[in-house]
Amino acid sequence: MSSPQYSSFDYMSFPNLSYNGTCDDPDDNLNDITPFIISVLFIIGVLGNGSLICISIMHKDMRTPPNLLIINMSLGDLLLLIFTVPDVLAFYIVGGWIVPLFFCKTMKAVQNVSQGVSVFTFAALSYDRYEAISRPFSRRHTGWRQSGMRTLAIAATIWFISFLFSLPAMVMAYVANCGHCSLPFNENEMKIYQLVMFLAVYLIPFLAVFVFYTLTALVLIRDTGAIRGSMRGAADRRQSSRNRLAFVILLAAVLFFVLWLPYYVAALVFEFMSEFKINKFFSSYPIMYVLLDFTYLFPLLSSCTNPLLLYAVSSNYRRKLKAIFSGCPFFSKHQWNNAKTFTMTTLRTNSAGSNCNHRDFPANHEDLALSAQEQRRLMETQMYSVDRSKSSSNHI
């Protein structure tokens, strides 16, 4: 097995370019299985993220602030798959294809924009979840229209910042001798760019997500102790829903950043290690060929996990997805207004005359947080319990 020869470690260049711009053949041991894995990830990611976007377009009630952020992240993941997978598959299957310079630069720009959109939206969503749980009444005072406009402004800002981070890649992108789109290797400009991308598009968003999710968990733990012993029945179901929300937040964060970490580690190693050390390392540990191949597959897997996780835990999204495939018409306004739900756990309602065989309908509120009505009831019950305790102590 020959030593690895790469240009800059990125989605499209890996693993087929040498230092002098020539192209090498992919590893024969993985040539059969890798295109299949990439194709499966592409199909799952496109269908999953595409269906989330379609649900938001077809159902007005799904255009809440958190859902808009989810759709924004889905759009970023979808673009990442569309502008990454075809070129990689072309290399593995037919040995590459001639890429015009303009398309090469556009492809690199879109890849980096999509990457930034996904991670920055994830950070914004973590703050949104913290705000929804710690201050459930704040959006009642601002109104849904104002909250929606603020969310759209946040999304637009995310796209603009991501575009700024993609400009260096667009400028440095070039077409190698084999016609493949790549970025320069082991140059000072590229080293700085990879380091900035790691800090700004991975480490800082990771710290933001960690801080907001930690604060969210503390709020959930605090509220659990506050209502324990004073409420039963519906409160237990509400608390169970909130615990499930905390688990979903934790799982999504862990999956996202764990899947992206190997890519950034490999990218920094390839930029800051010499050609001699890289070749010596791979010659000493041939298993790294296989591991490195899967390292750049992990970001593609990350683009598929979010819709799968959302469909797995949200009955609301599952109903919408079934409605799309079954041709079910929109639910009537009367049914929506009379329905009540908890976080990702709906109460069953008897809905006579429904042609869709759906017995549970979510209220018009955020799918990933307690409804404002249930939050108000919870707070009123807590205040009532405190008042009774004070009254009892005064009588004593």
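For all residues, glycine too, the Cβ spot is worked out from N, Cα and C.
As written in TrEMBL, here are the features:
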type	residues	note
TRANSMEM	36-57	transmembrane segment
DOMAIN	48-310	domain 'G-protein coupled receptors family 1 profile'
TRANSMEM	78-103	transmembrane segment
TRANSMEM	109-130	transmembrane segment
TRANSMEM	151-175	transmembrane segment
TRANSMEM	195-221	transmembrane segment
TRANSMEM	245-267	transmembrane segment
TRANSMEM	287-313	transmembrane segment
Task: Maximum Cβ pairs under 8 Å to the transmembrane segment (195-221) - stretch from the list 109-130, 151-175, 245-267, 287-313 - done: 109-130
Open item on the list: Any contact between the transmembrane segment (36-57) and the transmembrane segment (287-313)? By contact I mean 3+ C-beta pairs closer than 8 Å, pairs at least 6 apart along the chain.
Closed with: yes
Open item on the list: Check the transmembrane segment (245-267) against the transmembrane segment (287-313) for contact, please; criterion is three or more CB pairs under 8 Å, pairs 6 or more apart in sequence.
Closed with: yes
Open item on the list: Looking at the domain 'G-protein coupled receptors family 1 profile' (48-310) alone, can you tell me the average pLDDT?
Closed with: 81
